[in-house]
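Notes follow the structure.
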């Protein structure tokens, strides 16, 4: 047994980007999990500086980001853009802080660990800078990792049902406000999303690449390979935005190297860390945003053998909170690993 | 050139189940396409009989279903339950009427043609009873058929984003009403769907089978094989209800027998009957319910080579109106074939 976080010497923790949807959840998760916080500082843009936030740690005044101040903290959680992370994360880490970055800036750097603690905690090493994966990937690999150990993964085909929280608090607000507009017969507009989101489906998340896939889709391939330690994994994704708030769903088909059955896969996933087996379809029990929202564990269900790959095919459906396992929870779990 | 419908001798047409979402669209589509209607009669349950409907053919009084009356019509469009169809369709057809049934009752009977006119009009034969396919399948095969002719299909893996109209007018009404409730902070309930639908994802449509797939999912496999004429096609589906109104989206991955490229697939689909190539991602053009709703053609886009299957993999996204190509339009197109 590893010691519980609270028995360890407390750390001075900084959250940069504390006003965003992910930053706010980071504060909540640190508190809920009893992370040993000696001091918590919340950094934001100049614009937000001076605002007071109610947090489980009491009232906190937002401070304008200053690298010279932030680098003095033991642990720095970055919930900022990739550009901002690229500019500041290496400096903060070389000054001695442990920096956990939620952006994609360093995820593909072979020197930087990309960690989902349940799956590849052993890859942490001694790097001071650690990358937190893409939300869709973090949720997905909780199921893929144990299945790979048990059966070997050859091919992975994913279609996603991604919530508006992936575009931050503004994304969720646009969903709510524009849905109200549509129901009231008022004009529906869009600024966060490329098209109106109410009662619609948008098969684009992030920018398109040369190969026709979006960056979001390629992240799932690239990051799954790195986290699972399968550099040649055949994986593809279709990433789709739908009108939900903050839990991502994913429809997954895998071809395994060794034969697999639904029963054997279910037994593996029932024991998997971070997974809540949610698979009693006869009673209407399967993963859904309605239940997965606000939960740490990722729901996995609809597990069934897929004969498209003979005895080596498996289908399942996962649903996880995009702001928790998809972002803030995983970042705090990484911080716990460094204690 | 085949003669335009309106140049042919008019037919006496009966719609049974005329008050439902599909039945109402059948009336509209008959009119929009200039189907040669000599007389249109709308049949419904005892409960609805006597009600007057405004239609493009003028005011129509709903008549209680009476097999002895209905069998006298030239063409009978059934928008009723499978049970009702099983009970009445064979009698109506043996009396001489051409019966086009929208239920699943006869789709798997080898003696009954299952028709999507753009794909397998030649399978019509001389049967008086003709089955109209499942909505998801009808939309899907418009893309699969041409791709099969060009490249050969080996495997098809589909994940769906299905609209509430699949559960009829009541499904759409439940989405709207319960979304209003949720936004107003009132309790959200469900009666049409097994779980609340607003801002949720429900990975169940129809009942579960022994193999863990739902009947809806198996319909896509069974019906695609029959319509495409590939009895051994390896096909699987994950059917998911999402909070949209009346256009189904589908994320599709195929493995082809002969090598395929995105460019070659795009060229094939650009010429495909019933397909609107909707594939200019750089300009934000791809299939979406927002645009596909109310349209006859099925949008196909996000076409890209999927390296998971080497040189033989292809991904694409389709979106089609569930009540039109998924039901009423296809039924009327079948009726046109019989002229």
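Here the Cβ of each residue, glycine as well, is placed from N, Cα and C on the backbone.
Note that TrEMBL annotation is computational and uncurated.
A quick note: this is a predicted structure, and the numbers were derived from the prediction, not measured.
Pulled from TrEMBL, these are the features on record:
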- B:135: active site, acyl-thioester intermediate (ACT_SITE)
- B:248: active site, proton acceptor (ACT_SITE)
- B:19, B:20, B:21, B:22, B:47, B:48, B:165, B:166, B:322: NADP(+) binding site (BINDING)
- B:107: phosphate binding site (BINDING)
- B:162, B:241: substrate binding site (BINDING)
- B:12-127: domain 'Semialdehyde dehydrogenase NAD-binding' (DOMAIN)
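Counting every protein chain shown, 23 other Cβ atoms lie within 10 Å of the Cβ of residue B:21 (NADP(+) binding site). Counting every protein chain shown, 26 other Cβ atoms lie within 10 Å of the Cβ of residue B:165 (NADP(+) binding site). In sequence order, B:248, B:322 are the recorded positions from B:19, B:21, B:47, B:107, B:248, B:322 with a C-alpha within 10 Å of the C-alpha of residue B:162 (substrate binding site). In this structure, of the recorded positions B:19, B:47, B:241, B:248, the smallest number of CB atoms within 10 A of the CB marks B:47. The residue listed as 'phosphate binding site' has B:135 as its nearest neighbour among the recorded positions B:47, B:135, B:248, B:322, going by CA to CA distance. Between the C-alpha atoms of residue B:19 (NADP(+) binding site) and the residue listed as 'active site, acyl-thioester intermediate', the distance comes to 19 Å. Figure note: comparing Cβ neighbours within 10 Å for the binding-site residues B:162, B:322, the maximum is reached by B:322. The separation of the residue listed as 'active site, acyl-thioester intermediate' from residue B:165 (NADP(+) binding site), Cα to Cα, is 10 Å. If you take the CA of residue B:322 (NADP(+) binding site) and look 10 A around it, the recorded positions you hit from B:135, B:241, B:248 are B:135, B:248.
Of the listed recorded positions, namely B:107, B:135, the sparsest Cβ surroundings within 10 Å are found at B:107. Cα proximity to residue B:241 (substrate binding site) (within 10 Å) is found for the following recorded positions from B:21, B:47, B:135, B:248: B:248.
Helix, strand and coil residue tallies for the domain 'Semialdehyde dehydrogenase NAD-binding' (B:12-127), in that order: 36 helix, 32 strand, 48 coil [DSSP]. Recorded residues residue B:248 (active site, proton acceptor) and residue B:47 (NADP(+) binding site) have their alpha carbons 31 Å apart, per Cα-Cα distance.
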